[in-house]
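Pulled from TrEMBL, these are the features on record:
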| type | residues | note |
| --- | --- | --- |
| DISULFID | CYS869-CYS896 | disulfide bond |
| DOMAIN | 1-123 | domain 'F5/8 type C' |
| DOMAIN | 129-309 | domain 'Laminin G' |
| DOMAIN | 316-484 | domain 'Laminin G' |
| DOMAIN | 486-523 | domain 'EGF-like' |
| DOMAIN | 522-574 | domain 'Fibrinogen C-terminal' |
| DOMAIN | 731-896 | domain 'Laminin G' |
| DOMAIN | 897-935 | domain 'EGF-like' |
| DOMAIN | 954-1139 | domain 'Laminin G' |
| TRANSMEM | 1169-1195 | transmembrane segment |
Amino acid sequence: LVGSDSTNCTQHSGGWSPQVTDRHPWLQLDLRDRIEVTAVATQGRYGSSDWVSGYLLLFSDTGRAWKQYRQEDGVGRFVGNVNADGVVHHKLSHSIRGRFLRFVPLDWNPSGWVGLRVEVYGCAYKSDVADFDGRSSLLYRFNQKSMSTVKDVISLRFKSRQAEGVLLHGEGQRGNYITLELHRARLALYLNLDDTRLRFSSGRVAVTLSSLLDDQHWHSVLIERFNKQVNLTVDTHTQHFRTKGEGDSLEVDYELSFGGIPLPGKPGTFLRKNFHGCMENLYYNGINIIDLAKRRKPQIYSGNVTFSCSEPQLVSTTFLSSSSSFLSLPATLSASGGFAVRFQFRTWNPDGLLLSTRLALEPQRLELQISNSRLWVISTVPERTCEVNDGLWHSASLSSRGLQVTMTLDNEPSSTMELGDHMEAGDSLYFGGCPSLNVSGCENPTLAFQGCMRLFSINSQPMDLNLVHQGRLGDYKELQFDTCGIHDRCLPNFCEHGGQCSQSWSCFYCDCSGTGYTGATCHNSIYEASCEAYRLTGSSSGYFSIDPDGSGPLAPTLVYCNMTENKVWTVVTHNSTDPVRVQGSTLQKPYIMKFNYSASPEQLLALVSGSEQCQQEVMYSCRKSRLFNTRDGSPLSWWVDQGGERRTYWGGFLPGVQQCSCSLEENCMDMNYFCNCDADTDSWSNDTGVLSYKEHLPVSEIVIGDTNRTGSEALYRIGPLRCYGDKSVWNAASFYQESSYLHFPTLQAELSADISFYFKTSAPSGVFLENVGLKDFIRVELSSPFAVTFSFDVGNGPVVLAIKSHVPLNDRQWHYVRAERSVKEASLQVDQLPLRFLEAPSEGHLRLRLNSQLFVGGTAARQRGFLGCIRTLTVNGVTFSLEERAKMTPGVSAGCPGHCSGSSSLCHNSGRCIEKNSGYVCDCSQSAYGGPSCKEEVSVSFNRESSVTYTFQEPFSVMQNRSFQASSVYRGNSRAGENMAFIFMTTQSPAMLLTVSTFSQQYIAVILARNGSIQIWYHLHVDRRPDVFSPRPSSLADGRLHRIRIHREGKDVYLQIDKDMNLKYSLSPDTEFISIKSLTLGKVTVDTMDEEVMQAGSKGFIGCLSSVQFNHMAPLKAALLNRASSLVSVRGHLVESNCGALADSTIFHSQSGEESRMGPLRNASQSNYAVIGGVVSAVVFISLCVVAVMTRFLYQHRQARRDASIKEKEHRTNLETAYRREAAYRAEPAYRTEFHLHDSHSSTLNDNREYYI
């Protein structure tokens, strides 16, 4: 045993205890040989109050270059003792193979001192080792010309001194090859089977895994291949993939090479950089290659390979703190009067001071620093062209002669600069940072360096850091000697859904741009789960991206949402929606059509299973083309369902029976048959119907086999898949016994979990859900009438997030709760209250280990149960069926009583339904609409001088800076996007529609350009040109109503114009954080905007604006109802209008037209011409009626507008009087909550009364 103070320990001393003066104590064990260590145990010093409560464990082969042992989840800290006598065992999740162990105390008894007794468990470790010096190789020659295998197993362990080098290579003449190499300290595997096109081409794709493999420590590699399936394992990380090529066997000619790729016939001459380091236990399909080489077997050529591993003295030092770490070394000028400094460094951080020294003329200094990921010399500031925060080793040298300084980075050309003064002889060189006492004027520019350094050389003299560690040379603070503590936090990659991982020294970040997801780990979908959910947010018909499984693995899909009917229909199209004529098919050679939908089979399954009902129209017209009319009853035509099963029932009938709808309706043209087509007549017949058994939908394939006879013909059309309803929205359960609960399988929430639901209750407290493990747990509960609590423990101690409301939450109204936990952070949301965020520790356990059932509405102890209703419980995108479990559970009932508990939409456009004793009310405060059901548009006519400005009470953050994503303060006060929606009508251009301004001269503007086309301006960088999006050149200043919806998530901007245009744009990278100051509708006179925007702003807006929504704010509504508020500023004259009603009417008719375009079919049956003629006549008659009604409506509307213009002044006076009268009813002057009371006993809406609270 050796201690950090170089004193030996004996059994008589009762254990090891360092001297009190030791700054960084450690205890080192020499096991005399390499041992495979499987467990360790610690104990305090005998008969004392000295023990260690937390420590690090390091290991080494040589006693110099150390590596920290990390447990599962990357946790480096071991929990120690709580007294001097107890023994704490730790079984290692993966064994250590080494000779030396070092225990580094982190915490100890505060009433005593450091005291340790240790025990190590393991066994002897033997291996065959080979040393490659960069010029050597091992060649394994086959007994025959080539070796062809369908199964390979290759295993080895290596440690490398360089970031590049070939470990293994073999190739064949047919284009087969296998190459395993180090590239940028990552392991890359190239593998190809029988494809000569990819041989040595630049298009070769490597499978890469792991990182930081040049750390001079052992790493294990395992390659397992069977046919095209390959598993690549490096240490504890495995990647599965499928090889390129056409064959299943790997054919390698002559030999396999280890350590490089030799030229043919010239062993030892390499085409690529060869390996420099050691390998051990190298096996190829069970053959010990190194053992054969040691025994000098003839099939092995061992050029310059030795069989013991040489250990270079490349000892690193870790700079632990980004604020206080530094290393100072004396700087003496050379005999020529100059100086030369050389060292190597590696880091993840984009900023940090590398070197600082004083010049003769104070306070001037010469500094070498990393800034914005690049290397700078501070004087004339020449910027380097490559990034240096990539985690790789970089070599930097700085030398001076006279007033000239030369800097060299890696192998790049040197750069020279002129100094203003000579360097002061005898001063110190500060590496990595400056002392806190500001010695010699040294100050950290931004951050100190956080990373590793090694190979210090001053004036060609190597610096011995052991002397520094012993206090005999220079000075230091917050350093860890003889080890490089760099850790890849992007391995494994915790960014979900394709998010890109980047990192600093202490944490990682996820770039979710373009993924369709957001959050710290790209976990949360930015899209709604269904068309029903879009309707509840106030959307109208159009194309929308939906994500049925939310945060689950399925990607979003684009669908058409038809919201013109009472039911909201989700429409998914496929590749063949037009009628198709079929001839010449038989059972032996049938006609087959496979349908490719705009969604994947997995997405379709999620959509169908989450919908209340689905259907698909099948039109089948026939002439001498039968469906089932055969002697043995076997079908002649059929269709295939979504599961690949053949179905022989047709539209309108039930599954399992070979019949058509006419049989069910008893109106087949020949009652001897169950389908019209089976009558087999020469005239056209029709068996059209709707498939409505949703478990079989959609139709994936149709097969027609009886159109090969004379005169035989068929015409079919498969309509789009149409589904309505969202089973998850109103799936509810009522808990009326405190001891009752629902139980579900264990949560699958090791690394991430999002839980969301609605609840209503009158009870003061209760547990919503709970899941526990041996020590870990997760729980969401109503902890008091005013607070919701989210708590969990993943092994780092309990974490509690709580949100307190200023109003009671047990008010028998629905409240929304969403709790999320990831390896990055945890969050809690309740209704529209401010979100609560809490960062996860950078060093700690990550996995939530649960083993019990999930309890909903109670706990396993049957205590603190929830009394009330819970609905729409969703975990990681999966909605739990509360109603089904409730039907079989005592104390719980399916559904929830009350007017606001059904699937019928009582309140529209984001209106909130609130229960009352005698009915319900709609809270329209979060909606841009008003009226009893939040359906009445709030519309205003503007003139050139009119404007409405809504000022936010406090900075309202809507953008985010990627470099601050980890800040809990930042996350708690910011949004990642905004939602804007409005309807307008005008004939003016240019015109200003909407402006959002900030406190820092940034803005968002929506304008009409000179040609009437709409433009969206995002000016988020003061020193850059704005992002301008112009969707289409056609004019929107056409006197018609247009609906605009703008949604931004991160740097992705989604734009919807009316119903038929859905576009996506991307903002410039590095979007800056902005804080909203105000939102203005109409004229803007500020001069801080771009010229084209200012010109539109000066022209104002002449026309009608309706239903303006910005996130949860309705500024136009606030202007009408809260004109006296200090937050609302109105200039010019505003006249209340009814243009919004025209919007709904126009959109209704246009959407009906859209649906009709998707639906009609041309019937080929001549016998149906009369029917078609009748239908055409009816359509013409209805059209004439509609034209007459619309003509009268437009005439009345024009007359109303003329009357309004005559009486405008009187109308405005009446409006102002009404505003003052309504202001008297307001309790809050800023923004009142709008309610409309619905009496359940009232027979008509005309009897409803409106209350403003």
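Placed from the backbone N, Cα and C atoms, the Cβ positions cover glycine too.
TrEMBL labels come from automatic prediction, so no person has curated them.
The shown structure was predicted, so the numbers you read here are calculated from the model rather than taken from an experiment.
In this model, the domain 'Laminin G' (954-1139) carries an average pLDDT of 78.
In sequence order, ALA732, ALA733, SER734, PHE735, PHE759, LYS760, THR761, CYS896, PRO897, GLY898, SER901 constitute the residues six or more apart from CYS869 (disulfide bond) in its chain with CB-CB distances below 8 Å.
Stretch with the most C-beta contacts under 8 angstroms to the domain 'EGF-like' (897-935), considering only 1-123, 129-309, 316-484, 486-523, 954-1139: 954-1139. In the structure as shown, the Cβ atom of CYS896 (disulfide bond) sits within 10 Å of 23 other Cβ atoms.
Ranked by the number of CB pairs under 8 Å to the domain 'EGF-like' (486-523), the listed stretches 1-123, 129-309, 731-896, 954-1139 are led by 731-896. Fewer than three CB pairs closer than 8 A are found between the domain 'F5/8 type C' (1-123) and the domain 'Laminin G' (954-1139), and contact between the two stretches is not assigned (pairs 6 or more residues apart). Summarised by DSSP class, the composition of the domain 'F5/8 type C' (1-123) is 6 helix, 63 strand, 54 coil.
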